[in-house]
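As written in Swiss-Prot, here are the features:
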type	residues	note
BINDING	ASP76, ASP78, ASP80	Mg(2+) binding site
BINDING	CYS77, CYS97, CYS104	Zn(2+) binding site
Amino acid sequence: MNWLDEVSWDEKGLIPVIAQEASSGDVLMFAWMNREALQKTAELGQAVYYSRSRGRLWHKGEESGHLQTVHEIRLDCDNDVVLLKVTQLGHEPGIACHTGRHSCFFHLYKDGQWVVTEPVLKDPGSIYK
């Protein structure tokens, strides 16, 4: 059996993916992959996702330069979630989020409201031209 056949794809042929920084354990982002994206990620050693809004493959960093080198690809116990252990690269290393932050998970629920916990490391307007 092909390793991709062991993945439990959803009804749209997608699987949720979490990117985790290998060195710190920080959760950087959540995205989706289709079969082709997962195959390309394994082949290239760089994260390639499937953009549901664009309806196409999205090589992380193709516009921003913030590539992700993939060290491990893991599948959870139900075969329906992928975990990528990555090193976040780029002109400004450590920026994974399109908002210019280290992580996409920068909102913290505290005392009945969402609080921004991470600074913008670089203005997204200067990243995406």
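Keep in mind that glycine also has a Cβ here, set from the backbone N, Cα and C atoms.
Of the listed binding-site residues, namely ASP76, ASP78, ASP80, the sparsest Cβ surroundings within 10 Å are found at ASP78.
Close to the recorded Mg(2+) site, the chain also has SER8, LEU75, CYS77, ASN79, VAL81: residues not among ASP76, ASP78, ASP80 whose Cβ is within 8 Å of the site's Cβ mean position. Neighbour list (CYS104 (Zn(2+) binding site), Cβ cut-off 8 Å, at least 6 residues apart, same chain): LEU28, MET29, PHE30, ALA96, CYS97, HIS98.
When Cβ neighbours within 10 Å are tallied across all protein chains shown, the highest count among the binding-site residues CYS77, CYS97 belongs to CYS97.
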